[in-house]
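> Would you mind keeping the following structure in view while I ask a few things?
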Amino acid sequence: VERLRSELGATDLEKQLEVLESENQRLKQELRASQTQTTCSTGHCPHSQDVEALRGELCRKDEECRERERRLAALEQQVQERTGVVVQLQQQLEEAAQRRQELQQQLEEASRLRSQSEDQLTSRLRDAEEALSRQAALTPQVKYVTKTVEVESAQCKQALMEAQGRNQALQEQLSVQRQILRELEQQLHESQRTSSQLRQQLRTDHGRLYGLLFKAVGGGNTEVTHRLSKILVYEGEMERAQGQLEAEMQSLEEEKNRVIEEAFIRAESEMKAVHENLAGVRMNLLTLQPALRSLTCDYNCLKRQVQDFPYMLEKAITEAKQEICQVIGEVSSANQELLRKYKREMNLRKKCHNELVRLKGNIRVLCRVRPVCAGETDAADTKNIVTFDPDDDAVLYLSNKGKLMTFELDKVFPTQATQEEVFQEVQSLVTSCIDGFNVCIFAYGQTGSGKTYTMEGVPEDPGINQRALRLLFSEVSEKKPDWDYKITVSMVEIYNETLRNLLGDNPNEKLDIKMCPDGSGQLYVPGLTEFTVESVEDINKVFDLGHMNRATACTNLNEHSSRSHALLIITVAGFNSSTGHRTSGKLNLVDLAGSERIAKSGAEGSRLREAQCINKSLSALGDVINALRSKHSHVPFRNSRLTYLLQDSLSGDSKTLMMVQVSPLESNVSESVCSLKFAQRVRTVEIGPSSSSRRQAENSSTSSSPTHDSVELDSPPVTPVPLPISRASSAGSTLSSNSKTPTTRRRSHSQLSTGEQTEKQPTVT
Ligand SMILES: Nc1ncnc2c1ncn2[C@@H]1O[C@H](COP(=O)(O)OP(=O)(O)OP(=O)(O)O)[C@@H](O)[C@H]1O
C-alpha cells in the first residue's frame, strides 16, 4: 500500500488538496469581507435591490459552492475508497501471486510425486519381473510374489487417485481465482464509470456555476472576478491532478491486468504441463496394466503351484527318504566292508612292521663312536685306534695293543654321524610301540663315551628321548580320529639298586616294584608319577623337572649321573572308536650307568659300593640277555632292579635295541673292547615267542640270582636254578630294596589291598 501510495504520489496530492482547501477557506473569508464592504459601501446605493438580489444569488451560489465542495469531498472520499480498493486489489493480486506460487509448489509436488510414483512403479515392475524370473528359475516364493503384486497395483491406483484429486482441487482453485478476478474487474469498471460520470457532472456544474458567477459579477467587481478566476485555475489544477491520478490508476490497472494475464498464462501452461504429466502417468498406467495382468496371471499360476506344492513336497520327501534309506543301507554295508578291510589291512601292516623288526632282529645292537672332544687332543690320545669299513657299515676295527680287532654289529655310526641319522635307525622301534609292543632302548658304554649325548642330546640337537616323543606325537595325530591315544611319561633313576621317582614331589622317596594284584602277572611301581604329554612344551617341562629332581639329591650331578641308570618310560595307550580295539605299548629309554671295571677305576668305600651296584645291574642285564639268547627256561630278571623293572619289555615279543657307545681315545681302548665284546654277544640273542613258559619258569625262581659284584661283562653268566612257582601264585611279590639277593615274599590279596595301596592303575598290555 505504501509503495502504491508513493507511486501514485498520494502524499503530494493530499498536500495539494490541503493547500487548495486552505486557499478555498481564505477565498471564502475574502469573499465575506468583500460582501461586508459591499454592504457598507452600498448603504445608499440606488442598486441596493440588485445588490441584495446578487447577494442572495451569491449566498445561493455560495451554498452551491459548499455543496460542490461537499461533493468534491465526497469525490475525494470516493477517490480514497478507490485507492483502498486499489490497495485491496493489490493485496488480492499479491494473494493471487501467492496462490499462484502455492499452485506452482503444488504442481511441483504433484510432478515430484508423479516421478516418484513412476520410479516406484518402474522399480516395482522391475522387482516383480526379477522376482518372477527368479520364481520361474527356483522354487517359487509364491506367497511373497502374490503380496508384492497386490500391494503394487493398489499403490499405483491410490497414487493415481491422489494425483487426480490434487489436479481436481487445483482446477477448482483456478476457476475460483478466475471468478474472483472477473468480479474484481467488473467492480473496477463500474467504479471507473461512476468516477468519470461524477467527474463529468462536476465539470458541468462548475462550468455552470462559474458562468453564473461571471454573469452575476458582470465585470463589476474585479476583485471577485479575479478570485473566481483563481478558483477556476485551482479547480483546473485539481482536475489535472485528478486526471493524472486517473491516468496512473489506469496504467496501474493495465499493469495489474497484464500481470494477472501473465500469471494466468503461466498457470495455464503449468496446468497444461500437469495435464501432460497426468496423461503420461495414465499412459504408464495403461502400459502397466498388461504387465499387471501378466503378473496376475503368473500369480494365479503360482498360486496353483503353491496349492499343489504340499503334495509335491510330500511326494518328493517320501522319494528322498526312500533314496536316503537306500543310500544309507549301501553306505553302511560299504562301511562295514571298509571297516573289515581296514582291520585286515591294519593287522597286515602291524604284522609286516613286526616282521620287519623281527627280520632286523628282536635284539639289535648298534654302535656309536663319539668324536674326540675339545681338550682331549693329546698326541697320545688322538692316535686313530677306531677305524671303519667304508664298504660295510656294520663293521668296526679297533686297534688294541697293536692288534686289529674286528667287531661286527647291526650298524656302526662313525664319529660324524648326526643325531638325526641315529634316530632314523631306531624310529621303527619307536613306532612299533604305538602298535602295542614293548620296546627297550639302552645306551651302554663306559663313562664319557656319549650315552647321555645319544639319549638326551643337547638343547639345540636333542637325542633319542625327545625325538621319540615328537615322532609319537606326529604318528598318533596322523591316526586320528579313528584312534585316540594317550601318551604318558615317567622318569626313574636307579642308583645303588634304589629306585627313585624323578617326577614326584619327593625325589628322595624310594620306590618298589610290585606285581599287579589283579593276577595279570604285570609289574608296576606304586607311587610312580606319570605325566600325560601332548606337546613338545610338555616334554621339555617333564625333562626339566626330572633333571631338577635328579640334581637335588646329589652333590655332583655329572658323577652321580655316571653312576646311576636313568630311565624314561613312555606308555602309549590307544583306543579305536570304530573297531573298539585297545593297544598299550611301552617304550623304555635307558641311559645306563658307566660300564667301566672296578679294577680300573680303583674305587673304595661308597665309590666301591656304587661300582658294585652298577656292575651287578649290568651283569644282570648281560645274564638276562644271555638267558634269552640261549633260550633258557629261566631268565633271571629279578637279579637287579633294572632287569626286574624292564622284565615285560625284555621278554615275549618285545624289542630291544642296545646302543653301544665307544670312546675314540686310546686310553679307553680296553673298556671299548669290553663294551664291543658284550655288544657282539648280545647281538646273537633272539627273544623267543614262548613268553608264557618263560614267565612261568622265571616266576618260579626265588633265590637263583648269582652274585655279580665282581663279574665282568664278558664273563660267563651263572646259570640260575628254576623253582616251580607259577606266576599267578606270585602276585604281590616285591623285590626287597636292601637285599642283595632278591627274595619273594608271598602276600594275600587282602594284605596287598590294605598294606600297600596302589597309587595308580597298572598298565595292561
Ligand atoms: N656324538 C657326539 N658328538 C659330539 N659330542 C659328543 C658326542 N658324544 C659325546 N659327546 C660329548 O662327549 C662328552 C661325554 O659325553 P656323555 O656325557 O654323553 O657321556 P656319557 O657316556 O653319558 O658319560 P656318563 O656315563 O658320565 O654319563 C660330552 O661332552 C658330550 O657332549
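Glycine residues also receive a Cβ, built from the backbone N, Cα and C atoms like all the rest.
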> According to TrEMBL, which listed range is coiled coil: 39-66, 235-262?
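In TrEMBL, residues 235-262 carry the label coiled coil.
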> On the 0 to 100 scale, where does the mean pLDDT of the domain 'Kinesin motor' (362-685) fall?
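Mean model confidence (pLDDT) across the domain 'Kinesin motor' (362-685) is 86.
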> Taking the centroid of the Cβ atoms of G445, Q446, T447, G448, S449, G450, K451, T452 (ATP site), which other same-chain residues have Cβ within 8 Å of it?
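Not counting the recorded site residues, we get R370, A443, S562, G594, Q661, S663.
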> Would you mind pulling the DSSP three-state label for Q446 (ATP binding site)?
coil
> So which of the binding-site residues is most packed in, judged by how many other Cβ atoms lie within 10 Å of its Cβ, out of Q446, T447, S449?
S449
> Counting other Cβ atoms within 10 Å of each residue's Cβ, which of the binding-site residues G445, G448 comes out lowest?
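Among the binding-site residues G445, G448, the sparsest Cβ neighbourhood within 10 Å belongs to G448.
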> Here are the binding-site residues: G450, K451, T452. Which has the lowest count of other Cβ atoms within 10 Å?
T452
